[in-house]
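Here is what TrEMBL records for this protein:
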DOMAIN    3-456  domain 'Amino acid permease/ SLC12A'
TRANSMEM  20-39  transmembrane segment
TRANSMEM  72-94  transmembrane segment
TRANSMEM  100-122  transmembrane segment
TRANSMEM  134-151  transmembrane segment
TRANSMEM  181-202  transmembrane segment
TRANSMEM  223-243  transmembrane segment
TRANSMEM  279-299  transmembrane segment
TRANSMEM  325-344  transmembrane segment
TRANSMEM  364-381  transmembrane segment
TRANSMEM  401-419  transmembrane segment
TRANSMEM  431-448  transmembrane segment
Amino acid sequence: MCTGLFVSIGYGLIEGGPGSLLIAFTIYSCWLGLVNNCMAEMSIYMPVTGGWVRHGSKWVDEAFGFMLGYNFLLYELCLIPFEISALNLVLTFWRSDIPIWATSLACTVLYGILNITAVRWYGESEFWLAFGKVLLIGIVFMFTFITMVGGNPQHDAYGFRYWREPGSFAAYVTEGSLGRFQGFLGALFQAAFTIVGPEYLSMVAGEAVNPRKTMKSAFKTTYWRYGIFFIGGALCVGIVVPYNDAGLIEKLNGDGSGTGAASPYVVAMSNLGVEVLPHITNALLVTSIFSAGNSYVYCSTRSLYAMSIDGHAPKFFQKCTKNGVPIYAFIVPMLFSLISFLSISSGSAKVITWLANLTEASQLINYIGMCTVYLFFYRALKVQGISRDTLPYKGWWQPYCAWFGLATMILTVLFYGYTTFLTGWWNTGTFFSYYTMCFVSPILYIGWKVIKKTKVVKPEEADLIWERPLIEAYEATLIDDGSKGFWDDCAKAVGLRKRHKTDESIELSSPAS
(Lines of atoms letter the chains of each structure in order from A and count residues from 1; the text may use other names and numbers.)
(Lines give C-alpha, C1' and ligand atoms only; values in the text may rest on other atoms or scores of the structure.)
Protein backbone atom coordinates (compact mmCIF):
# COMPACT_ATOMS: atom_id res chain seq x y z
CA MET A 1 0.00 0.00 0.00
CA CYS A 2 1.61 3.24 -1.19
CA THR A 3 0.19 5.51 1.53
CA GLY A 4 1.15 3.05 4.25
CA LEU A 5 4.72 2.70 2.98
CA PHE A 6 5.42 6.41 2.54
CA VAL A 7 3.12 8.18 5.03
CA SER A 8 1.48 5.97 7.66
CA ILE A 9 4.73 4.12 8.34
CA GLY A 10 5.63 7.21 10.35
CA TYR A 11 3.15 6.11 13.04
CA GLY A 12 5.07 2.86 13.47
CA LEU A 13 8.34 4.78 13.79
CA ILE A 14 6.92 7.18 16.39
CA GLU A 15 5.45 4.38 18.49
CA GLY A 16 8.20 1.76 18.25
CA GLY A 17 11.42 3.41 17.12
CA PRO A 18 13.64 2.25 14.22
CA GLY A 19 14.62 -1.09 15.76
CA SER A 20 11.08 -2.17 16.55
CA LEU A 21 9.91 -0.92 13.16
CA LEU A 22 12.47 -3.02 11.27
CA ILE A 23 11.86 -6.14 13.37
CA ALA A 24 8.08 -5.74 13.13
CA PHE A 25 8.09 -5.30 9.35
CA THR A 26 10.40 -8.30 8.97
CA ILE A 27 8.23 -10.54 11.15
CA TYR A 28 4.97 -9.51 9.54
CA SER A 29 6.44 -9.91 6.05
CA CYS A 30 7.25 -13.51 6.99
CA TRP A 31 3.74 -14.03 8.34
CA LEU A 32 2.15 -12.67 5.20
CA GLY A 33 4.54 -14.81 3.18
CA LEU A 34 2.78 -17.81 4.72
CA VAL A 35 -0.56 -16.52 3.45
CA ASN A 36 0.97 -15.81 0.05
CA ASN A 37 2.19 -19.41 -0.07
CA CYS A 38 -1.38 -20.64 0.41
CA MET A 39 -2.86 -18.27 -2.13
CA ALA A 40 -0.26 -19.10 -4.77
CA GLU A 41 -1.12 -22.80 -4.82
CA MET A 42 -4.88 -22.25 -5.07
CA SER A 43 -4.84 -19.32 -7.49
CA ILE A 44 -2.39 -20.93 -9.91
CA TYR A 45 -4.36 -24.18 -9.84
CA MET A 46 -7.74 -22.46 -10.32
CA PRO A 47 -7.27 -18.89 -11.65
CA VAL A 48 -10.85 -17.61 -11.72
CA THR A 49 -12.24 -14.09 -11.64
CA GLY A 50 -12.98 -13.24 -8.01
CA GLY A 51 -10.10 -15.40 -6.83
CA TRP A 52 -10.13 -16.52 -3.24
CA VAL A 53 -13.64 -15.16 -2.60
CA ARG A 54 -15.11 -17.58 -5.15
CA HIS A 55 -12.78 -20.32 -3.92
CA GLY A 56 -14.39 -19.84 -0.51
CA SER A 57 -17.90 -20.24 -1.95
CA LYS A 58 -16.92 -23.33 -3.93
CA TRP A 59 -14.71 -25.20 -1.48
CA VAL A 60 -15.83 -24.06 2.00
CA ASP A 61 -19.40 -22.76 2.12
CA GLU A 62 -21.39 -20.36 -0.04
CA ALA A 63 -22.09 -18.29 3.07
CA PHE A 64 -18.35 -18.13 3.73
CA GLY A 65 -17.75 -16.77 0.23
CA PHE A 66 -20.57 -14.26 0.77
CA MET A 67 -18.89 -13.03 3.96
CA LEU A 68 -15.46 -12.81 2.30
CA GLY A 69 -16.91 -10.91 -0.65
CA TYR A 70 -18.57 -8.21 1.43
CA ASN A 71 -15.63 -7.96 3.80
CA PHE A 72 -13.29 -7.36 0.86
CA LEU A 73 -15.76 -4.93 -0.73
CA LEU A 74 -16.05 -2.85 2.43
CA TYR A 75 -12.27 -2.93 2.76
CA GLU A 76 -11.84 -1.46 -0.72
CA LEU A 77 -14.64 1.08 -0.29
CA CYS A 78 -13.18 2.45 2.95
CA LEU A 79 -9.74 2.76 1.38
CA ILE A 80 -11.10 5.28 -1.15
CA PRO A 81 -11.78 8.07 1.40
CA PHE A 82 -8.63 6.97 3.25
CA GLU A 83 -6.47 7.76 0.22
CA ILE A 84 -8.28 11.06 -0.41
CA SER A 85 -7.74 12.09 3.23
CA ALA A 86 -4.07 11.12 2.95
CA LEU A 87 -3.84 13.26 -0.17
CA ASN A 88 -5.27 16.20 1.76
CA LEU A 89 -2.57 15.66 4.37
CA VAL A 90 0.42 15.59 2.01
CA LEU A 91 -0.81 18.66 0.12
CA THR A 92 -0.28 20.75 3.26
CA PHE A 93 3.45 20.51 2.54
CA TRP A 94 2.96 23.33 0.05
CA ARG A 95 0.05 25.25 1.51
CA SER A 96 -2.00 24.92 4.66
CA ASP A 97 -4.97 26.86 3.30
CA ILE A 98 -5.95 24.43 0.52
CA PRO A 99 -9.66 23.74 1.17
CA ILE A 100 -10.17 20.12 2.16
CA TRP A 101 -13.54 20.09 0.42
CA ALA A 102 -11.92 21.19 -2.84
CA THR A 103 -9.37 18.36 -2.81
CA SER A 104 -12.03 15.80 -1.88
CA LEU A 105 -14.36 17.04 -4.61
CA ALA A 106 -11.60 17.13 -7.23
CA CYS A 107 -10.54 13.54 -6.45
CA THR A 108 -14.12 12.31 -6.57
CA VAL A 109 -14.72 13.96 -9.95
CA LEU A 110 -11.45 12.69 -11.43
CA TYR A 111 -12.07 9.16 -10.15
CA GLY A 112 -15.49 9.33 -11.73
CA ILE A 113 -14.16 10.46 -15.11
CA LEU A 114 -11.40 7.83 -15.23
CA ASN A 115 -13.70 4.98 -14.21
CA ILE A 116 -16.83 5.84 -16.20
CA THR A 117 -14.92 5.74 -19.49
CA ALA A 118 -13.81 2.57 -21.25
CA VAL A 119 -11.61 0.28 -19.15
CA ARG A 120 -8.70 0.76 -21.56
CA TRP A 121 -8.33 4.39 -20.42
CA TYR A 122 -8.28 3.34 -16.79
CA GLY A 123 -5.63 0.74 -17.58
CA GLU A 124 -3.57 3.21 -19.59
CA SER A 125 -3.62 5.83 -16.82
CA GLU A 126 -2.70 3.30 -14.14
CA PHE A 127 0.12 1.89 -16.26
CA TRP A 128 1.83 5.27 -16.51
CA LEU A 129 1.10 6.21 -12.90
CA ALA A 130 2.94 3.02 -11.91
CA PHE A 131 6.14 4.59 -13.22
CA GLY A 132 5.72 7.31 -10.61
CA LYS A 133 5.53 4.74 -7.82
CA VAL A 134 8.66 2.94 -9.00
CA LEU A 135 10.49 6.25 -9.37
CA LEU A 136 9.40 7.32 -5.88
CA ILE A 137 10.74 4.13 -4.32
CA GLY A 138 14.04 4.56 -6.15
CA ILE A 139 14.35 8.18 -5.01
CA VAL A 140 13.82 7.51 -1.30
CA PHE A 141 16.19 4.53 -1.28
CA MET A 142 18.93 6.51 -3.04
CA PHE A 143 18.29 9.52 -0.81
CA THR A 144 18.75 7.37 2.28
CA PHE A 145 22.07 5.88 1.19
CA ILE A 146 23.61 9.04 -0.26
CA THR A 147 22.71 11.33 2.64
CA MET A 148 23.67 8.87 5.40
CA VAL A 149 27.25 8.74 4.06
CA GLY A 150 27.52 12.54 3.91
CA GLY A 151 26.01 13.47 0.56
CA ASN A 152 23.78 16.26 1.86
CA PRO A 153 23.97 20.09 2.14
CA GLN A 154 25.24 19.81 5.72
CA HIS A 155 27.94 17.26 4.76
CA ASP A 156 26.81 15.27 7.76
CA ALA A 157 27.58 11.53 7.53
CA TYR A 158 24.94 10.67 10.11
CA GLY A 159 24.82 6.94 9.34
CA PHE A 160 22.81 5.11 12.03
CA ARG A 161 22.95 8.03 14.45
CA TYR A 162 19.23 7.97 15.17
CA TRP A 163 19.50 4.34 16.23
CA ARG A 164 21.80 5.52 19.05
CA GLU A 165 20.17 8.85 19.84
CA PRO A 166 17.27 8.92 20.68
CA GLY A 167 17.66 5.11 20.39
CA SER A 168 16.52 1.99 18.56
CA PHE A 169 13.43 1.25 20.64
CA ALA A 170 10.78 3.75 21.69
CA ALA A 171 8.43 3.32 24.63
CA TYR A 172 4.72 3.53 23.88
CA VAL A 173 1.79 3.79 26.33
CA THR A 174 4.08 3.29 29.34
CA GLU A 175 7.79 3.43 30.17
CA GLY A 176 10.45 0.77 30.65
CA SER A 177 10.63 -2.69 29.11
CA LEU A 178 6.85 -3.00 28.94
CA GLY A 179 6.64 0.32 27.11
CA ARG A 180 9.25 -0.79 24.58
CA PHE A 181 7.34 -4.04 24.01
CA GLN A 182 4.15 -2.06 23.48
CA GLY A 183 6.08 0.14 21.08
CA PHE A 184 7.03 -2.98 19.15
CA LEU A 185 3.35 -4.00 19.04
CA GLY A 186 2.47 -0.56 17.69
CA ALA A 187 5.02 -1.02 14.91
CA LEU A 188 3.77 -4.55 14.24
CA PHE A 189 0.17 -3.42 13.87
CA GLN A 190 1.32 -0.64 11.53
CA ALA A 191 3.09 -3.31 9.47
CA ALA A 192 -0.18 -5.25 9.35
CA PHE A 193 -1.84 -2.22 7.78
CA THR A 194 0.99 -1.41 5.37
CA ILE A 195 2.03 -4.78 3.96
CA VAL A 196 -0.45 -6.26 1.47
CA GLY A 197 -0.27 -8.32 -1.67
CA PRO A 198 -1.71 -11.81 -2.18
CA GLU A 199 -5.38 -10.79 -2.21
CA TYR A 200 -5.04 -8.63 -5.32
CA LEU A 201 -2.97 -11.18 -7.22
CA SER A 202 -5.64 -13.79 -6.60
CA MET A 203 -8.46 -11.42 -7.60
CA VAL A 204 -6.94 -10.67 -11.03
CA ALA A 205 -5.71 -14.20 -11.75
CA GLY A 206 -8.79 -15.05 -13.80
CA GLU A 207 -8.20 -12.11 -16.16
CA ALA A 208 -4.43 -12.48 -16.53
CA VAL A 209 -2.78 -13.51 -19.78
CA ASN A 210 -1.54 -17.10 -19.48
CA PRO A 211 -2.52 -17.10 -15.78
CA ARG A 212 -0.72 -20.21 -14.59
CA LYS A 213 2.56 -18.92 -15.97
CA THR A 214 2.27 -15.24 -15.14
CA MET A 215 0.69 -15.79 -11.72
CA LYS A 216 3.44 -18.21 -10.71
CA SER A 217 6.02 -15.51 -11.41
CA ALA A 218 3.89 -12.84 -9.72
CA PHE A 219 3.42 -14.80 -6.50
CA LYS A 220 7.12 -15.69 -6.35
CA THR A 221 8.22 -12.07 -6.81
CA THR A 222 5.93 -11.07 -3.94
CA TYR A 223 8.54 -12.40 -1.50
CA TRP A 224 11.17 -10.13 -3.04
CA ARG A 225 8.75 -7.21 -2.86
CA TYR A 226 8.26 -7.81 0.86
CA GLY A 227 12.01 -7.87 1.39
CA ILE A 228 12.99 -4.91 -0.78
CA PHE A 229 10.04 -2.52 -0.51
CA PHE A 230 8.60 -3.12 2.94
CA ILE A 231 11.57 -4.33 5.01
CA GLY A 232 13.90 -2.03 3.08
CA GLY A 233 11.43 0.83 3.51
CA ALA A 234 11.25 0.26 7.28
CA LEU A 235 15.06 0.31 7.47
CA CYS A 236 15.30 3.54 5.46
CA VAL A 237 12.68 5.39 7.51
CA GLY A 238 14.50 4.51 10.73
CA ILE A 239 17.76 5.83 9.31
CA VAL A 240 16.69 9.22 7.93
CA VAL A 241 14.52 10.62 10.74
CA PRO A 242 14.45 10.12 14.55
CA TYR A 243 11.30 8.74 16.12
CA ASN A 244 10.98 11.83 18.33
CA ASP A 245 11.12 14.36 15.47
CA ALA A 246 8.78 17.17 16.53
CA GLY A 247 7.63 17.99 13.00
CA LEU A 248 6.71 14.40 12.19
CA ILE A 249 4.86 13.92 15.46
CA GLU A 250 2.90 17.16 15.04
CA LYS A 251 1.87 16.33 11.49
CA LEU A 252 0.82 12.72 12.11
CA ASN A 253 -0.72 13.11 15.56
CA GLY A 254 -2.03 16.65 15.18
CA ASP A 255 -5.18 17.98 13.60
CA GLY A 256 -3.74 18.00 10.11
CA SER A 257 -4.21 21.74 9.77
CA GLY A 258 -0.63 22.93 9.96
CA THR A 259 2.01 23.12 7.29
CA GLY A 260 4.71 20.50 6.91
CA ALA A 261 5.28 17.10 5.41
CA ALA A 262 3.24 14.02 6.19
CA SER A 263 5.89 11.63 4.88
CA PRO A 264 8.91 10.82 7.09
CA TYR A 265 11.09 11.03 3.98
CA VAL A 266 9.98 14.57 3.18
CA VAL A 267 10.52 15.52 6.83
CA ALA A 268 14.07 14.16 6.63
CA MET A 269 14.80 16.02 3.39
CA SER A 270 13.59 19.28 4.90
CA ASN A 271 15.65 18.70 8.07
CA LEU A 272 18.81 18.23 6.00
CA GLY A 273 18.19 21.40 4.02
CA VAL A 274 17.57 19.65 0.70
CA GLU A 275 15.63 22.22 -1.31
CA VAL A 276 14.25 20.65 -4.50
CA LEU A 277 13.96 16.94 -3.75
CA PRO A 278 11.19 17.31 -1.11
CA HIS A 279 8.95 18.93 -3.72
CA ILE A 280 9.65 16.18 -6.28
CA THR A 281 9.07 13.46 -3.69
CA ASN A 282 5.86 15.02 -2.43
CA ALA A 283 4.59 15.47 -6.00
CA LEU A 284 5.25 11.79 -6.76
CA LEU A 285 3.59 10.92 -3.48
CA VAL A 286 0.49 12.85 -4.54
CA THR A 287 0.28 10.98 -7.86
CA SER A 288 0.88 7.63 -6.13
CA ILE A 289 -1.83 8.22 -3.54
CA PHE A 290 -4.24 9.39 -6.22
CA SER A 291 -3.45 6.25 -8.24
CA ALA A 292 -4.12 4.04 -5.23
CA GLY A 293 -7.55 5.59 -4.67
CA ASN A 294 -8.33 5.25 -8.37
CA SER A 295 -7.48 1.54 -8.22
CA TYR A 296 -9.78 1.01 -5.25
CA VAL A 297 -12.66 2.64 -7.14
CA TYR A 298 -12.08 0.27 -10.05
CA CYS A 299 -11.64 -2.85 -7.89
CA SER A 300 -14.67 -2.17 -5.69
CA THR A 301 -16.85 -1.55 -8.76
CA ARG A 302 -15.82 -4.87 -10.29
CA SER A 303 -16.11 -6.70 -6.97
CA LEU A 304 -19.70 -5.56 -6.52
CA TYR A 305 -20.46 -6.47 -10.14
CA ALA A 306 -19.01 -9.98 -9.66
CA MET A 307 -20.95 -10.46 -6.43
CA SER A 308 -24.14 -9.52 -8.25
CA ILE A 309 -23.45 -12.17 -10.89
CA ASP A 310 -22.96 -14.77 -8.15
CA GLY A 311 -26.28 -13.77 -6.57
CA HIS A 312 -24.64 -12.14 -3.54
CA ALA A 313 -25.78 -8.61 -4.46
CA PRO A 314 -28.91 -7.18 -6.19
CA LYS A 315 -29.15 -7.90 -9.92
CA PHE A 316 -29.34 -4.24 -10.93
CA PHE A 317 -25.61 -3.94 -10.15
CA GLN A 318 -25.03 -6.00 -13.32
CA LYS A 319 -26.29 -3.22 -15.61
CA CYS A 320 -23.42 -1.88 -17.74
CA THR A 321 -22.89 1.09 -20.03
CA LYS A 322 -21.98 0.69 -23.71
CA ASN A 323 -18.35 0.88 -22.62
CA GLY A 324 -18.80 -2.10 -20.31
CA VAL A 325 -18.75 -0.12 -17.05
CA PRO A 326 -21.15 -1.45 -14.35
CA ILE A 327 -22.91 1.87 -13.88
CA TYR A 328 -24.86 1.21 -10.66
CA ALA A 329 -21.95 -0.66 -9.09
CA PHE A 330 -19.79 2.35 -10.00
CA ILE A 331 -22.07 4.72 -8.04
CA VAL A 332 -21.38 2.93 -4.73
CA PRO A 333 -17.63 3.73 -4.49
CA MET A 334 -18.41 7.27 -5.64
CA LEU A 335 -20.70 7.66 -2.64
CA PHE A 336 -18.05 6.24 -0.29
CA SER A 337 -15.53 8.78 -1.54
CA LEU A 338 -17.72 11.46 0.07
CA ILE A 339 -16.66 10.16 3.50
CA SER A 340 -13.42 12.08 2.93
CA PHE A 341 -15.40 15.29 3.58
CA LEU A 342 -15.33 14.32 7.27
CA SER A 343 -11.81 15.73 7.23
CA ILE A 344 -13.34 19.22 7.12
CA SER A 345 -14.52 18.98 10.72
CA SER A 346 -12.21 16.34 12.20
CA GLY A 347 -8.90 16.88 10.39
CA SER A 348 -7.28 14.65 7.81
CA ALA A 349 -4.98 12.93 10.31
CA LYS A 350 -7.88 11.80 12.51
CA VAL A 351 -9.96 10.55 9.58
CA ILE A 352 -6.94 8.63 8.29
CA THR A 353 -6.60 6.95 11.70
CA TRP A 354 -10.28 5.97 11.82
CA LEU A 355 -10.29 4.51 8.33
CA ALA A 356 -6.93 2.78 8.82
CA ASN A 357 -8.24 1.00 11.92
CA LEU A 358 -11.43 -0.03 10.14
CA THR A 359 -9.69 -1.34 7.02
CA GLU A 360 -6.95 -3.14 8.95
CA ALA A 361 -9.53 -5.42 10.57
CA SER A 362 -11.05 -6.23 7.16
CA GLN A 363 -7.60 -6.88 5.75
CA LEU A 364 -6.72 -9.32 8.53
CA ILE A 365 -10.07 -11.09 8.17
CA ASN A 366 -9.27 -11.48 4.47
CA TYR A 367 -6.06 -13.29 5.34
CA ILE A 368 -7.81 -15.46 7.92
CA GLY A 369 -10.30 -16.40 5.21
CA MET A 370 -7.52 -17.24 2.72
CA CYS A 371 -5.80 -19.62 5.14
CA THR A 372 -9.14 -21.23 5.98
CA VAL A 373 -10.00 -21.75 2.31
CA TYR A 374 -6.59 -23.32 1.72
CA LEU A 375 -7.07 -25.81 4.57
CA PHE A 376 -10.37 -26.92 3.02
CA PHE A 377 -8.70 -27.11 -0.40
CA TYR A 378 -5.82 -29.17 1.01
CA ARG A 379 -8.21 -31.56 2.74
CA ALA A 380 -10.31 -31.97 -0.43
CA LEU A 381 -7.21 -32.83 -2.47
CA LYS A 382 -6.20 -35.44 0.08
CA VAL A 383 -9.64 -37.05 0.38
CA GLN A 384 -10.15 -37.14 -3.40
CA GLY A 385 -6.74 -38.72 -3.94
CA ILE A 386 -5.24 -35.86 -5.96
CA SER A 387 -1.49 -35.59 -5.41
CA ARG A 388 -0.23 -32.05 -4.85
CA ASP A 389 2.79 -33.01 -6.94
CA THR A 390 0.50 -32.87 -9.99
CA LEU A 391 -0.53 -29.25 -9.35
CA PRO A 392 0.89 -26.41 -11.50
CA TYR A 393 2.43 -24.99 -8.33
CA LYS A 394 3.03 -26.72 -5.01
CA GLY A 395 3.40 -24.57 -1.91
CA TRP A 396 6.01 -25.44 0.66
CA TRP A 397 5.54 -26.84 4.17
CA GLN A 398 1.81 -27.42 3.92
CA PRO A 399 -0.57 -27.62 5.72
CA TYR A 400 1.55 -26.36 8.65
CA CYS A 401 2.23 -23.12 6.83
CA ALA A 402 -1.52 -22.47 6.53
CA TRP A 403 -2.16 -23.31 10.18
CA PHE A 404 0.63 -21.03 11.39
CA GLY A 405 -0.50 -18.23 9.08
CA LEU A 406 -4.08 -18.63 10.35
CA ALA A 407 -2.95 -18.45 13.99
CA THR A 408 -0.82 -15.33 13.51
CA MET A 409 -3.59 -13.46 11.69
CA ILE A 410 -6.20 -14.38 14.31
CA LEU A 411 -3.93 -13.19 17.13
CA THR A 412 -3.20 -9.96 15.25
CA VAL A 413 -6.85 -9.09 14.64
CA LEU A 414 -7.76 -9.87 18.25
CA PHE A 415 -5.05 -7.77 19.86
CA TYR A 416 -4.35 -4.91 17.47
CA GLY A 417 -6.86 -2.71 19.30
CA TYR A 418 -5.76 -3.76 22.80
CA THR A 419 -4.91 -0.19 23.84
CA THR A 420 -8.59 0.71 24.05
CA PHE A 421 -8.90 -1.65 27.04
CA LEU A 422 -6.06 -0.02 28.99
CA THR A 423 -6.84 2.29 31.90
CA GLY A 424 -7.46 5.81 30.65
CA TRP A 425 -7.41 4.81 26.98
CA TRP A 426 -11.03 3.81 26.46
CA ASN A 427 -12.85 5.56 23.64
CA THR A 428 -16.06 4.15 22.21
CA GLY A 429 -15.46 5.49 18.70
CA THR A 430 -11.91 4.14 18.62
CA PHE A 431 -13.07 0.73 19.87
CA PHE A 432 -15.62 0.42 17.08
CA SER A 433 -13.12 1.60 14.47
CA TYR A 434 -10.89 -1.29 15.55
CA TYR A 435 -13.44 -4.07 15.95
CA THR A 436 -16.54 -3.24 13.88
CA MET A 437 -15.64 -5.73 11.14
CA CYS A 438 -14.97 -8.43 13.74
CA PHE A 439 -18.69 -8.20 14.59
CA VAL A 440 -19.99 -7.57 11.08
CA SER A 441 -18.26 -10.53 9.39
CA PRO A 442 -19.79 -13.29 11.59
CA ILE A 443 -23.20 -11.64 11.21
CA LEU A 444 -22.83 -11.73 7.41
CA TYR A 445 -21.84 -15.39 7.49
CA ILE A 446 -24.55 -16.54 9.88
CA GLY A 447 -27.23 -14.38 8.25
CA TRP A 448 -26.60 -15.71 4.73
CA LYS A 449 -26.30 -19.26 6.02
CA VAL A 450 -29.66 -19.07 7.78
CA ILE A 451 -31.45 -17.31 4.90
CA LYS A 452 -30.07 -19.53 2.12
CA LYS A 453 -29.68 -22.68 4.25
CA THR A 454 -26.18 -23.29 2.91
CA LYS A 455 -24.00 -26.18 4.04
CA VAL A 456 -20.30 -26.58 4.64
CA VAL A 457 -18.77 -28.36 1.63
CA LYS A 458 -17.60 -31.88 2.42
CA PRO A 459 -14.07 -32.66 1.17
CA GLU A 460 -15.28 -35.49 -1.05
CA GLU A 461 -17.89 -33.18 -2.63
CA ALA A 462 -15.63 -30.17 -3.28
CA ASP A 463 -15.57 -29.33 -6.98
CA LEU A 464 -11.88 -29.41 -7.86
CA ILE A 465 -12.63 -29.68 -11.59
CA TRP A 466 -14.78 -26.52 -11.80
CA GLU A 467 -13.32 -24.32 -14.58
CA ARG A 468 -10.15 -26.34 -15.03
CA PRO A 469 -11.07 -27.68 -18.51
CA LEU A 470 -11.81 -24.13 -19.74
CA ILE A 471 -8.53 -22.83 -18.31
CA GLU A 472 -6.50 -25.64 -19.86
CA ALA A 473 -8.23 -25.20 -23.22
CA TYR A 474 -7.43 -21.48 -23.12
CA GLU A 475 -3.78 -22.16 -22.28
CA ALA A 476 -3.52 -24.54 -25.23
CA THR A 477 -4.36 -21.67 -27.62
CA LEU A 478 -1.66 -19.33 -26.34
CA ILE A 479 1.41 -18.30 -28.28
CA ASP A 480 4.53 -17.51 -26.28
CA ASP A 481 5.30 -13.85 -27.03
CA GLY A 482 8.55 -13.88 -25.11
CA SER A 483 7.30 -11.42 -22.50
CA LYS A 484 9.43 -11.26 -19.38
CA GLY A 485 6.90 -9.44 -17.21
CA PHE A 486 6.35 -5.86 -16.02
CA TRP A 487 9.68 -4.39 -17.14
CA ASP A 488 9.35 -6.02 -20.54
CA ASP A 489 5.90 -4.45 -20.91
CA CYS A 490 7.37 -1.08 -19.89
CA ALA A 491 10.00 -1.39 -22.62
CA LYS A 492 7.29 -2.17 -25.17
CA ALA A 493 5.20 0.80 -24.02
CA VAL A 494 8.00 3.31 -24.63
CA GLY A 495 9.08 1.71 -27.89
CA LEU A 496 12.31 0.06 -26.69
CA ARG A 497 10.97 -3.31 -27.72
CA LYS A 498 8.51 -4.33 -30.41
CA ARG A 499 5.07 -5.41 -29.36
CA HIS A 500 3.99 -8.63 -31.05
CA LYS A 501 0.81 -8.57 -33.09
CA THR A 502 -0.48 -11.48 -31.04
CA ASP A 503 -0.33 -9.52 -27.77
CA GLU A 504 -3.67 -7.76 -28.07
CA SER A 505 -5.53 -10.80 -29.31
CA ILE A 506 -4.17 -12.86 -26.45
CA GLU A 507 -5.21 -10.25 -23.89
CA LEU A 508 -8.71 -10.06 -25.33
CA SER A 509 -9.12 -13.82 -25.24
CA SER A 510 -8.27 -14.09 -21.55
CA PRO A 511 -11.01 -16.06 -19.76
CA ALA A 512 -13.37 -14.07 -17.57
CA SER A 513 -15.72 -16.22 -15.57
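Going from the start of the chain as shown, residues are counted 1 onward.
The backbone N, Cα and C atoms fix where each Cβ goes, glycine too.
Unlike curated entries, TrEMBL annotations are predicted automatically.
Note: the stretches the transmembrane segment (279-299) and the transmembrane segment (325-344) are in contact (3+ CB pairs below 8 A, sequence gap of 6 or more). The average pLDDT the prediction assigns to the domain 'Amino acid permease/ SLC12A' (3-456) is 87. Contact check: the transmembrane segment (364-381) against the transmembrane segment (181-202) gives at least three Cβ pairs closer than 8 Å, residues 6 or more apart, which meets the contact criterion.
Against the transmembrane segment (223-243), the recorded stretches 20-39, 134-151, 181-202, 401-419 differ in Cβ pairs under 8 Å, and the greatest number is found for 20-39. The list of residues near the transmembrane segment (134-151) in space but at least 6 beyond its ends in sequence, with Cβ under 8 angstroms from a Cβ of it, reads 6, 157-160, 229, 232-233, 236, 239-240, 265, 268-269, 272, 274, 277, 280-281, 284-285, 288.
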